[in-house]
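Undergrad: To start, I am sharing the structure in question, which I have written as structure tokens.
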Amino acid sequence: MPPSNDMSNQAPPYSSYGYPSMQPAYRQGPASHTDSSPSQDLYSQSNYQQYSQPFPNLSQLSAALGGLSGVPELEVESLRPVNLLQERTLLPPRPLEAPEPNLTPDLKKVNCSPHVTSVTGSMMVRAQSLTTVDLLISLFNTAFCSLSVLFILTVSIAFRLQIITTLLFLSYLVPDEFMYNPVSRSYGEPHRRPEVQNSTVEFIASSDYMLRPPQPAAYLFVLDVSHNAVEAGYLKYFCESLLENLDRLPGDTRTRVGFLTFDSTIHFYNLQEGLSQPQMLVVSDIDDVFIPSHDSLMVNLKESKELVQDLLNSLPAMFSQTRETHSALGPALQAAFKLMSPTGGRVTVFQTQLPTLGAGLLQSREDPNQRSSTKHLGPATDFYKKLALDCSGQQIGVDLFLLSSQYADLSSLACISKYSAGSIFYYPSFHYIHNPAQLEKFQKDLERYLSRKIGFEAVMRIRCTKGLSIHTFHGNFFVRSTDLLSLANVNPDSAFAVQMSIEDSLADSSLACFQAALLYTSSKGKRRIRVHTLCLPVVNQLSDVYAGADVQAITCLLANMAIDRSISSSLSDARDALINAVVDFVNSYKSNVSSLQQSGLVCPSAMRLFPLYIHALLKQKALRTGTSTRLDERVFAMCEFKTQPLQQLMRMVHPDLYRLDNMSDQGALHLNDTVVPQPHLLHLSAERLSRDGAFLMDCGNVFYLWIGKCCSDMFIRDVLGIPNYASIPPNMLSVQILNADLFLEIKNLQAPLNPNNTVTVVQL
């Protein structure tokens, strides 16, 4: 399919400080739900005005809308008008799920899961001219996410391309080879082939997809060992974690590792097989960095494992008495680039302060009175961006761990990861003694980071139906061409967003198709092509688009656009644009869809959470006003919005709150002899908390366990292992559930959540 030729890296400008008008909606159940909170009666107080005008029933609504062209009758509920000034119980009982496209049962079974690919709407309008408002179309994709089932196929190049074309255009003209089904080993049933029956498949790539033979997995660790780093105390825990996970590093017998430390000089380590102990090689000329040895610094892990272990055991003590306060991060990165250029791979950088020597040195720019200034949200130098682009060209991805107690100019340092498809981890006020919460998070993140799967030498191409065009990408990558992203490394914890627009009419299509194809080298040295395919129905009426829009995807898209606006214009402009998006939505719904005359603030039932989500978004560190948010923390929050999967982002924006002390088997799911409790979601309001309860709030990267003063002693004893509320220690971070049945219930409740989350106990 021909790609779009119109694309840029900047979000389109918004007229009148607002985003283009849009039509988001979300297919959900009725707005009123039974709430298990003891404070439910607070919402029936007489001080809330009851509007006398009755809301229409479904048949009246359908008639008022003129009918729906492609939506089943039951989905009319998603367009039921809701007065936000009157109806306050808006949350559904369970976390929101993406709306299902209105497709045939056969197509639904093979359509891409929303956990892999989400889109801002489950239906596409046939022509942009049908509406006077602009549609926001975006695709969120976690192309390398972990899958329980993945079909791996071997086909010829030309045949593979024909398969993709066939799938996109749903053509019945297929090549002869496609008539054979490798699963059943029979002919004449092309519709039963794995790539037709599954939305995600992986092809084993031939040599035509290789510029060079697949390189071995290569890992270089670049460690800050200045006095500031020693005081923070991260080095000991890094070495312990890597020692524990050496055998879990993704790779095979060819896996290579290397180490580089730096302060005001750069230290290389000779780990060549046959040495009795590691040898340190020091390069003091940071203005003209060179590699002292090209054969013994990146070594085969299997052959030099004992030397690697010796080095990790000795590193913490080696620099424990250092008084060197300077940091030559830029020269260290230049050395890492030269060392990794022959093979490519992953560079992991640990930094604890502002770089003060050599190329890329930075000055403190943080003014407590101007922390939201646009000039401070962008990089102070282009050194790190240029070096990142050089790394990307040599298939080197750079991941940054910033463990700083002071300002380190993350807006500049982040460029080294952003443009090399790397990841960024930030631990403000990190100290191994004074901040145990950050230490625990660092240890869990590092364990996950070292053991998670990885792909090397990757590129990703996005294809879409003719009439749609790609114009903006969000995430960490380098844009190689209009629809092709260069990804030196890929991992299952990162996501990408793609903005599209309707350029031509889709009158000739009943389906709009999207496809993401990721070409990468596995850690075992295999070249693979992973393909995700999604199709959506094309409808004639704007009301159908409202019925199928995904409010969570729209919220995250607007967050990405607002972050771009914050950097290119100002934070206040970005906030105004978000507010205008809600205003535009309410006005466009009233003028383009609903012919019903209702008083109050009215929106479709499916869209009732949109104002709440935008209000929550304005409170995030990335976008909130004031000077209380440190500059590095704001920049890191912006980076997270650009790279985190959709489901993770939404828990950060609007956390899930449950009551734990009264969970029961009522409504629980029974899966494989396991009971999964289904407690109702609670509104994030103090009115929903009570002193006799215990509440769990999932914020995406941290859990908060709220314990009421009058909470049951039995629950406190079973969950916290202490006798009563008065015995709860301050700053409690870990929870050991002693009651086996309760442990299983809470564990099953958290099963879909991030296993690396930390738990903080808060007393009410």
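Backbone N, Cα and C define each Cβ position, glycine as well.
The annotation compositional bias 'Polar residues' is assigned in TrEMBL to 1-13. The feature domain 'Sec23/Sec24 trunk' is assigned by TrEMBL to 214-450. Among the features that TrEMBL reports, domain 'Sec23/Sec24 beta-sandwich' is placed at 455-539. Taken from TrEMBL, the feature domain 'Sec23/Sec24 helical' applies to 550-651. According to TrEMBL, the feature domain 'Gelsolin-like' maps to 679-729. Taken from TrEMBL, the feature region 'Disordered' covers 1-46. What TrEMBL records for 133-159 is transmembrane segment.
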Undergrad: Work out, from DSSP, the number of helix, strand and coil residues along the domain 'Sec23/Sec24 beta-sandwich' (455-539).
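TA: Taking each residue of the domain 'Sec23/Sec24 beta-sandwich' (455-539) in turn, the totals are 0 helix, 60 strand, 25 coil.
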Undergrad: Looking only at the domain 'Sec23/Sec24 helical' (550-651), what is the mean pLDDT?
TA: 89
Undergrad: For the domain 'Gelsolin-like' (679-729), DSSP counts of helix, strand and coil?
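TA: Reading the DSSP string over the domain 'Gelsolin-like' (679-729) gives 14 helix, 11 strand, 26 coil.
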